[in-house]
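Notes follow once the structure below has been shown.
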Amino acid sequence: MRSSLHHCVLQGWGAGYADIVKENKLFEHYYKEQGLVPEGEFEQFMDAMREPLPATIRITGYKSHAKEILHCLKEKYFKDIQELEIDGQMMEAPQALSWYPDEQAWHTNMSRKIIRKSPLLEKFHQFLVSETESGNISRQEAVSMIPPLLLKIEPHHKILDMCAAPGSKTAQLIEMLHADMDVPFPEGFVIANDVDNKRCYLLVHQAKRLNSPCIMVVNHDASCIPTLQIDSDGKKDILFYDRILCDVPCSGDGTMRKNIDVWKKWTTSNSLHLHGLQLRIAVRGVEQLAVGGRMVYSTCSLNPIEDEAVIAALLEKSEGALELADSSADLPGLKWMPGVTSWKLMTKDGQWFSDWSEVPSSRHTQIRPTMFPPKDAEKLAALHLERCMRILPHHQNTGGFFVAVLVKKAPMPWNKRYPKVLPHKHTHLTDDRYLYVLLDVVNGADFSLVGLSFEPAAPPPHSAPPPSKKMRLFGYKEDPFVFLTEDDPVFNTIQSFYDLSGDFPKLNVLTRTHEGKKRHLYMVSKELRNVLLNNSERMKVINTGVKVWSRNSDGEEFGCAFRLAQEGIYTLQPYIRSRIIRVSVEDIKVLLTQENPFLSKLEDDAHAQAKKMGMGSIVLKYIPNANNPAEPQCPIQLCGWRGKTSIRAFVPRNERFHYLRICSCLEMFVLIAISFSTPVIKQKCGAD
């Protein structure tokens with residue numbers, strides 16, 4: 001769902017573009033002719049396209065924390081907003097999206113102008129900004145939330161997100177993997193890819209908010225993303241994915257309500273230019289999908305050339321290996337139109353074509369046979385294109401969107417056609433490139449797409465032309481990912497200081513340097529470790545792992561040079577058996593609103609535990625009490641430091657706000673005090 005105009009991570013409030021004329025006669029003519037909008041609704045459709053898109057938010061994070069955020073929203077903000085009157089008008093409270101599970105997504109029509117008129121709404125806006133920065137809320141377009149839900153993710157699934165930036169859907173995938181907070185390392189993982197190196201770092205920022213050891217960000221052209229290998233029962237095997245999200249680059253005409261430049265720039269040639277790329281990406285996706293797996297193809301375009309035409313071509317190529325899943329009952333409450341089986345193609349000069357046979361040869365480079373519906377009525381019916389889903393903006397006040405769910409029933413047919421013998425080496429291929437090719441031949445990749453072919457009988461000529469599209473590594477050189485060995489000296493003091501349990505996976509710990517002192521230690525799941533170790537020369541990894549320890553020179557004198565990192569505390573804590581202080585809600589309030597409180601500021605139980613503990617890094621752990629529903633019902637774990645006479649929490653500012661809100665004690669003066677480090681806090685603090 002990536003148009004060139006669709007790069008924002010955070011969705012704004014309201015429009016603010018009243019001076020831009022929202023008219024495009026070619027757009028209206030084209031979609032009237034296509035007949036995608038039900039009869040009698042076209043004016044409603046166009047009116048909706050001209051209205052600003054409602055702001056939508058999704059509660060992120062893992063289940064128990066998400067419940068607390070929802071409680072906070074409903075009890076502290078939504079209740080007051082619905083009783084608010086501005087300029088003589090009663091405010092409409094935010095509404096839950098009827099089709100999103102567990103009331104975890106909401107939309108509102110409040111504009112920036114209205115927000116500025118009310119201190120209460122301004123406070124609500126500050127809440128949204130703060131919780132977004134700490135990863136507990138995503139401001140994400142409603143229709144963008146649909147594809148991850150249709151994938152039906154389970155914690156053991158291996159997932160590929162092919163065109164992932166900016167990362168809001170990737171975040172959904174990660175959350176679904178971690179459905180059970182008690183499992184620090186789900187068996188599954190997400191490999192999130194994007195072709196744009198700079199946008200990969202935006203993706204890293206989004207993913208890092210969730211602090212998962214099961215995410216890897218890579219930088220490749222999705223249409224020729226390399227096949228990966230893994231160790232499986234002592235032998236090398238190809239990595240096939242259980243779930244693939246194929247949210248392809250598109251013309252983005254479904255985003256006109258938000259990206260109003262599309263009104264001026266829209267032309268029919270956009271879809272003609274993108275169709276081939278979209279099909280190549282989709283083909284590469286299904287090649288890497290496991291038999292029995294699901295791939296969701298989606299665009300934020302309403303154009304059949306980018307939508308049904310790609311799906312129809314993919315299904316025809318598959319010769320029965322793929323089928324469209326019926327997802328009509330998967331999201332009750334979502335209104336959508338069935339996919340169409342008839343469409344036409346229009347050139348930018350207004351010429352229409354209904355069939356490939358009508359296209360003059362002079363246009364064959366721009367217009368391809370796969371852009372048209374299949375001619376055979378029986379074959380067309382067997383594709384079940386009506387199972388595709390098109391979301392129209394006027395039906396539920398959203399953006400426009402297209403989504404199709406594909407299930408792989410058998411290997412792709414070209415897998416069976418390749419000879420069993422390995423191809424002779426092309427002289428223009430490097431050893432590494434040759435290895436990639438061998439892997440992809442085993443997988444059955446369609447190398448006609450990248451200018452390579454293999455004949456079973458004779459070797460290719462030495463004068464073979466270079467491939468038209470090479471798999472290459474993009475962008476800047478990253479620091480290496482270096483896994484520690486079980487007997488690495490760094491573990492000696494860490495093991496004893498934190499009393500790590502015997503099942504602590506030392507082999508999953510990595511650093512980012514070959515030489516010198518290790519500054520930070522990160523952890524990944526064993527499945528991602530398997531992927532990294534077997535593909536370091538094959539893929540361009542931008543980021544992976546969650547930080548669990550950071551070097552602290554002061555710590556050496558207290559027994560360990562590494563202090564705990566808040567980012568990885570939920571991953572690491574299950575293996576830590578010492579340096580843990582059980583704290584109450586009142587203790588958390590003290591620790592998060594005072595910079596260095598004396599030990600005596602803690603309640604008796606926590607104070608007694610702290611007095612028995614030596615100086616150094618600690619875990620501050622809150623365990624919910626089901627018998628006291630007034631207190632937070634989610635576990636809270638904070639990194640801290642036990643000083644000589646004081647104790648402090650090492651928690652970033654926005655996470656402090658988050659935990660204080662959960663503890664129902666965040667007032668405006670605290671926000672201001674923490675934000676600007678004013679004496680309001682310092683006067684209350686103790687010091688060593």
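Placement of Cβ uses the backbone N, Cα and C atoms for every residue, glycine included.
According to TrEMBL, the protein has these features:
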type     : residues                                                   : note
DOMAIN   : 45-409                                                     : domain 'SAM-dependent MTase RsmB/NOP-type'
BINDING  : C163, A164, A165, P166, G167, S168, K169, D194, D221, D247 : S-adenosyl-L-methionine binding site
ACT_SITE : C300                                                       : active site, nucleophile
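Between the alpha carbons (Cα) of A165 (S-adenosyl-L-methionine binding site) and C300 (active site, nucleophile) lies a span of roughly 14 Å. In the structure as shown, the Cβ atom of C163 (S-adenosyl-L-methionine binding site) sits within 10 Å of 26 other Cβ atoms.
In this structure, the CA atom of C300 (active site, nucleophile) is 13 Å away from the CA atom of C163 (S-adenosyl-L-methionine binding site). Pairwise Cα distances among C163, A164, A165, P166, G167, S168, K169, D194, D221, D247, which the record gives as the binders of S-adenosyl-L-methionine, peak at 20 Å. Mean pLDDT of the predicted structure over the domain 'SAM-dependent MTase RsmB/NOP-type' (45-409): 92. Between the recorded positions A165, C300, the minimum number of other C-beta atoms within 10 Å of a residue's C-beta occurs at A165. Just so you know, the Cβ of G167 (S-adenosyl-L-methionine binding site) picks up 29 other Cβ atoms within 10 Å once every protein chain is counted.
When the neighbouring Cβ atoms lying within 10 Å are counted for each of the binding-site residues (K169, D221), the highest count belongs to K169.
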